[in-house]
Each structure stands twice: as structure tokens, then as C-alpha cells.
Ligand code: PAF
């Protein structure tokens, strides 16, 4: 596996592969890799001839300096995992490389960045869109793979790529879960043992929300069902429970008519966990012929 820290190293490598007819796939990460990232890499390997993975802890998507400082950094272990997963090149840009002279030019997706998780994390999704645009421009892949767990991020990246006419396909990869249902996340490592034991309540709440949608309940009832399950766990503090249109993330009035996504966020001590699940409403009865 080649390791590149600057574009002068990365670009000739990718140009050589592309000139030889290879399709280059991209997986972007902030490191602290786990099985969820490996699922992205497996999907990228299946859909490409060469895979580039990036590790960049992007400062512009962190609200508080303390959050950025405490974000786990495990470069050697991450590189070993990427190598074992068959990644062809790892790009680890420096902050100066990504933001020469400091952050100034940004990519904004106003319709998606201020809602849901963006409402409580001002600037977060603008930082994500900006970093992802730069990583896509740096590598020039034919496709990139993102986790469905960060559903709003995936929707935002899809819209940005469409709106900016970027020549890349964006693929979502299903959430990878522990045996007890907890979605894999770099944040899980920061949970106390008691909070780790309590955290699968999010998955149970999503299943309750999905069951409500599948019964034909209104979006608000599905949100209520999720909130009640989270409230049954004293260690969890609900931050948000939403049932939104899966394609646009727009609020749903009454009973959903098409696929929805259930989005949950809850705090366990200091750690905010998010999770999501899609759900299909029942198909309307055919009128008797
Ligand atoms: O999901 C992440 O790890 C980050 O938000 C991303 C997409 C790498 C952008 O910094």
C-alpha cells in the first residue's frame, strides 16, 4: 500500500492507474478505524479496480476545539488495517495541504446543513461538505462509498455532488452493528461500561419506530414510539427522534406514503450517539376490481 501525504505523490499514482484503465474508488475517513470502515472498503474493492482511503481529521467540522483535540488518532493501527483490507493507497493530507493559508473557501448545502443534526452543530455539515469536496477533487475517483449510519451526511454529499456536477458516483453502505444492535462508531470507545451496556436501546427504539411505520402509523407516532423506548433507559438522554422522507429528509405530515428514514440521537454521559434505519409504509390496499 502506497502512503501519500501530498498531492504531488498521490496524483501521479492515481493518474497512472486511470491511464491503465483502472476504476479508482474512494473511502474517506477520519481514522480511528473499525469494522464499519472495513465494510466501506470491502464495498469499494468490489466496485473498483483500485481503492484509495483517506485519513484526515477535518478541523472545520468540529464545533469545539476540545472535541477536535480529543478525537482519537491512531495512525499506525489505521494504516495496518487499511493495508490488511487491500487498500492500494492511503492519502493522509496535512491541515496546511487541505486548507492552505487557513479555511476560507467553503461548500454550503443550505437545505440540508441546518436541519436535524445540523441544527445543534452549526457549521458541522458545511465543514463536512468542504472536506469531502476537497478529498474528491484531490483523488478524482469514479465512485466513493459512505456509511448509511451518517444518513444526513450521505444525503448532503449526494446533493453536493449532483449540484456541483461532480463526475463521481456516491454509494451508501448499510450500518454495521454489534451483536446487541449497537451501530459501530469511533465514539463507542468513549462510552463507560454502563453506558456501553445501555446504548443498544437506540437500536431497539429504531425497531419500534420501524414497526410503527410498517403498521401504517403516522410519522409523529413513529417518533413517539422511538422516544418512549429511549426514555425507558435511564442512562440515555434523548436529543432527537425524527421520521423523515428518506430521499429528501423533509418532514413527513401524517402517514408516510413512501420510504422514510428514522433518525435518532441520544447522549450517554458526554457521548452523543446517532443511529438510523429506513422503513417502508404498508402498500395501500388495491381497490376491488
Ligand atoms: O464521516 C466522516 O468520517 C467524515 O465526516 C468525513 C466524511 C471523512 C469528512 O471529514
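Positions of Cβ are set from backbone N, Cα and C atoms, glycine also.
Look at TrEMBL and you will find 30-37, 147-150, 176, 184-187 tagged as ATP binding site. DSSP assigns residue 186 (ATP binding site) to a helical segment in the three-state reduction.
Per TrEMBL, active site, proton donor is recorded for 37. Following the DSSP three-state reduction, the secondary structure of residue 37 (active site, proton donor) is helix.
Taken from TrEMBL, the feature (R)-pantoate binding site covers 61, 153. Mapped onto three states, the DSSP output places residue 153 ((R)-pantoate binding site) in helix. Counted within 10 Å of its Cβ, the other Cβ atoms near residue 153 ((R)-pantoate binding site) come to 22, all protein chains included.
Same-chain residues at least 6 positions away in sequence with a Cβ under 8 Å from that of residue 61 ((R)-pantoate binding site) are, in sequence order, 123, 124, 125, 127, 128, 131. Taken from TrEMBL, the feature beta-alanine binding site applies to 61.
The most densely surrounded of the binding-site residues 30, 33, judged by C-beta neighbours within 10 angstroms, is 33. Taking a Cβ cut-off of under 6 Å from any atom of ligand 1, none of the recorded positions 37, 148, 176 qualifies. Under DSSP, residue 61 ((R)-pantoate binding site) is assigned to a helix (H, G or I) in the three-state scheme. Note on residue 176 (ATP binding site): other Cβ atoms within 10 Å of its Cβ, all shown chains, come to 18.
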